[in-house]
Each structure stands twice: as C-alpha cells, then as structure tokens.
Amino acid sequence: RAKLWWVVFHCDYAFDYWGKGTMVTVSSGQTKPSSIFAVSSCGASSDGFQTLGCVTSGFSPAESLTFSWTGDVTGKVDYPAMKSSDAYTAVSQVQVKNSDWEAKKSFTCKATNQAGSLESKPIQFLRAEPKPATLLLTTPTNAELETGNATFICVASQFSPNKFKFTWKLGDGVLSGKNRQEIVTEEKSTKTFTAVSILEIAANEWIYSYSPVKCEFEHSGSIESLEAKYEGMYTVAFCINLLKVNHFDIIPPSSEDMLVSGAGYLECKATGPKGFNGIRWIRNGQELPSTDEKSDAGTSMSAKTKITYIEWSSGTEYICEVKHSTFVQEVKTYPYQRENGSPSVYLLPPPENTQDNLVTLTCYVKRFYPKDVVVYWLANDEKLNNTEQYQQNTTSVLEVENEQLYSVYSQLVVDAGEWKNGTTFSCLVYHEAIDPTVRMIARSIDNQNNKPTLVSLSMNVPSPCMA
C-alpha cells in the first residue's frame with residue numbers, strides 16, 4: 001500500500017532550482033510514486049501571488065512522471081527528477097493569486113506515470129491563530145517619586161505574531177517625545193514573544209494631572225490597555241522635598257560693586273532634591289546672558305547675570321525662572337526689584353575740650369532704602385584705610401522700626417594733634433537712591449570750622465577720592 005504524506009502549511013521549504021541534472025533512462029518496468037505532499041511559501045510575493053510546491057518520490061523511471069494541479073494555478077514549473085537510492089524524487093511549483101489563497105480556496109497536486117498516480121491532500125491557507133498578550137504595568141515607588149522622577153514599565157508577554165505597537169497616554173493625551181525604551185525577546189520553545197516598554201516622566205506630570213498613565217498594546221487588530229492613577233498619600237519625605245525645592249535665594253550685587261564700579265552680578269540660587277531642568281534671568285520678557293552652574297549631585301542650580309548701576313538704581317524688574325520636575329507648573333518665577341530711598345548724612349565733630357590724645361568723628365547716615373550702603377572716610381581728600389592711625393568702625397545697618405527704612409553709624413578715631421592742626425576729614429556715602437548723576441554724598445569737617453559742609457560729588461572727582 002502506498003504511503004501518503006501531507007503537509008498543510010510549512011515555511012521551512014524553499015523552492016530552489018535544482019538544475020537539470022542527469023537524465024537516466026531505465027528500460028525496466030515503471031514504478032508509481034510512493035509519497036506525495038504539498039507545501040506553501042510563508043507569504044505572498046510583491047506581485048500578489050503565493051507559491052505552492054508539490055514533492056513526490058519513490059517512482060521510476062525519471063522521465064515517466066507528470067504533474068497536474070487542481071484549482072486556478074499559473075506559472076507551473078516542473079523540475080527534473082533527482083535519483084535517491086533506486087527511485088526518484090521530483091518537484092512541481094505553481095503560483096496562485098493571493099486573494100484566492102487568503103479566501104481559503106483549496107489546491108491539490110497529482111503525480112502520474114503508467115504504473116499509477118498519487119494525489120496530495122488539499123492544501124489551503126490556515127492562518128495561525130494569534131496568541132494574545134498578557135499585560136502587566138508597574139508604577140513608580142514613593143522613593144522614586146520623592147526624587148522628582150516617575151518610571152512606568154509595561155510588559156506584554158506570551159504573544160504572537162511578533163508585530164505590535166506600544167502607546168503611552170496621560171489621560172486622553174498621547175505622551176510623545178518622552179524618554180521611551182522598548183525591548184523584545186523570543187521564547188523559542190513556545191514560539192511566542194515578550195515585549196517591554198519603559199516610560200520616564202517627571203513625577204509631577206503624573207501626581208498633579210489627576211489623570212491616569214495608560215499603556216496601550218496593539219496586536220493582531222485589537223488593543224489591550226492598563227492604566228495607573230496616583231492615589232497614594234504624600235509621604236513626609238515627599239512633602240519635605242517639595243519645601244526644599246521652594247528654597248530660593250536671590251543674591252543682589254554688592255553695593256560696593258554697583259556704587260563704585262557701576263555694575264555687578266545678580267545671582268539666583270535654588271536648592272532641593274534632584275530634578276532641576278533649568279534656571280535663567282529674564283528682563284522685559286527677554287532672557288539675559290548668564291553663567292549657570294549645577295551641582296554634581298543635581299540638588300542645586302544657580303544663574304548669575306551682570307547688571308548695570310543705571311538699571312539697578314532705576315528699579316528695573318528682573319525675574320528668575322526655575323524649572324524643576326516636582327513643580328506643578330514645571331516653572332516658577334521669582335522677581336527682584338530694588339526700591340530706593342535717599343539717605344540723609346550728618347557728620348558730628350568730637351566733643352569739645354577733650355583731654356584725650358584721640359578724638360572721634362561720627363558720620364550718621366539715616367532713613368535710606370534699600371539697606372545697602374558704603375561709607376568711606378577721607379583726610380584732605382585722601383581715602384583712609386583702617387589702621388592704627390585711623391581707626392574706623394561702622395555699625396551694622398539698623399532698621400527704623402515700622403518704617404522699612406535704615407540707618408548706620410560710622411566712626412573715625414584719629415590723633416588729637418592732627419585734628420587740632422586743621423586736617424579736613426570727610427565722610428563719603430554711596431547709596432543707590434542718590435541721584436545717579438551725583439552717585440554719592442560727602443560731609444566734610446575740620447577743627448577751624450566745626451560746621452560740616454554738604455558736598456555732592458560727581459564721578460569726575462579727583463582720583464584720590466576714588467581709590
């Protein structure tokens with residue numbers, strides 16, 4: 001009895017042309033085929049056709065066999081028989097329309113010689129049933145959220161075929177342009193696949209959106225999804241970190257730089273947990289050039305920009321803009337603007353009839369704002385340094401209660417003999433609220449004229465006064 005072989009769908013065969021080989025003529029009696037089976041290629045070609053093949057063996061002689069096909073086939077090619085032991089094997093190839101194949105029409109092939117014939121079982125398209133994925137979504141831990149980051153991992157496992165698409169959403173909006181990674185592995189024993197998609201976003205995007213993060217997995221015409229909404233409690237550490245992020249310092253330029261040099265640096269410094277994304281200074285809607293620094297640990301960031309005395313003293317508003325992943329609106333702004341109040345300056349002589357070898361002059365600067373002020377002492381228009389001969393002592397700035405104004409005292413201790421010899425001493429006061437064309441106020445006094453004089457000095461004062 002003939003042995004029958006049938007393969008409905010197989011993708012391991014490739015129909016290579018074996019060459020014409022050597023034709024052998026056998027004069028003995030013919031033997032009919034002992035086996036036959038039909039196979040198909042794994043997919044349609046670019047011209048829209050599917051290739052089918054028919055393999056038969058166990059017959060002889062080589063030239064005795066003919067192939068025939070049932071169904072609407074074209075492009076039939078019969079390859080020369082090849083000898084195997086005492087019998088032959090032959091292959092026939094045809095093409096069928098892809099539309100007919102996917103419509104599950106059946107096709108058979110038949111091998112015939114004078115000794116008999118053998119027909120294959122019908123071959124037709126049997127689509128492998130897709131295996132749906134098992135979906136898993138992991139969410140960030142509280143410890144990660146406290147750092148300002150949120151990582152989501154979506155795992156689709158045990159699915160086939162290997163054609164799929166991940167989509168991440170926040171509420172109804174697609175999260176495009178975010179940090180995403182995809183990993184695919186194959187389980188050869190089950191011929192299934194596992195895919196992993198990783199999403200990294202700022203923690204506040206999830207926590208404060210009140211919308212779930214959703215992972216959608218599209219496969220074989222269907223979409224599966226899982227979502228996660230933040231419903232956890234704010235931990236103590238998380239709240240503390242939020243407070244830390246709100247710690248900002250605006251460091252104004254020094255009064256000495258602004259009043260003496262006419263320019264200085266305005267600095268904005270922010271400290272907190274990791275998650276700083278940017279810092280900058282803005283004036284009148286335009287970003288200013290700045291020197292930015294970020295700590296190696298990522299827990300602080302600063303920006304320093306150079307400003308002029310004219311801008312500073314006129315009350316120009318500067319805005320420090322900071323970006324951090326834990327901010328609800330991602331960006332926070334902090335304004336800086338100087339308010340001005342011009343000082344009054346009084347130079348007080350030493351007490352009369354002092355018997356000491358030293359005398360004390362007092363310069364009283366009052367009712368000024370802001371609190372930054374610079375006081376210099378001069379002797380005959382020469383700037384004095386703090387030495388044993390000229391001892392200077394300036395108090396800390398004192399705030400006038402309930403008036404948001406400030407005052408300061410500066411004293412100069414000098415040799416009584418120098419005072420009696422008529423040396424002229426001057427108290428020089430720099431403050432930003434003084435008329436910018438003048439820039440400073442000076443009071444001068446000597447032993448011959450105990451009444452101090454008020455002098456306004458412009459920037460073209462003699463160089464000794466500016467040393």
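For all residues, glycine too, the Cβ spot is worked out from N, Cα and C.
Taken from TrEMBL, the feature domain 'Ig-like' covers 33-124 (among others). Regional average pLDDT for the domain 'Ig-like' (33-124) in the model is 87.
When the domain 'Ig-like' (132-231) is classified with DSSP, helix, strand and coil residues number 9 helix, 60 strand, 31 coil. What TrEMBL records for 132-231 (among others) is domain 'Ig-like'.
The domain 'Ig-like' annotation in TrEMBL covers 252-332 (among others). Taken through DSSP, the domain 'Ig-like' (252-332) splits into 12 helix, 41 strand, 28 coil.
Annotation source TrEMBL lists domain 'Ig-like' at 343-446 (among others).
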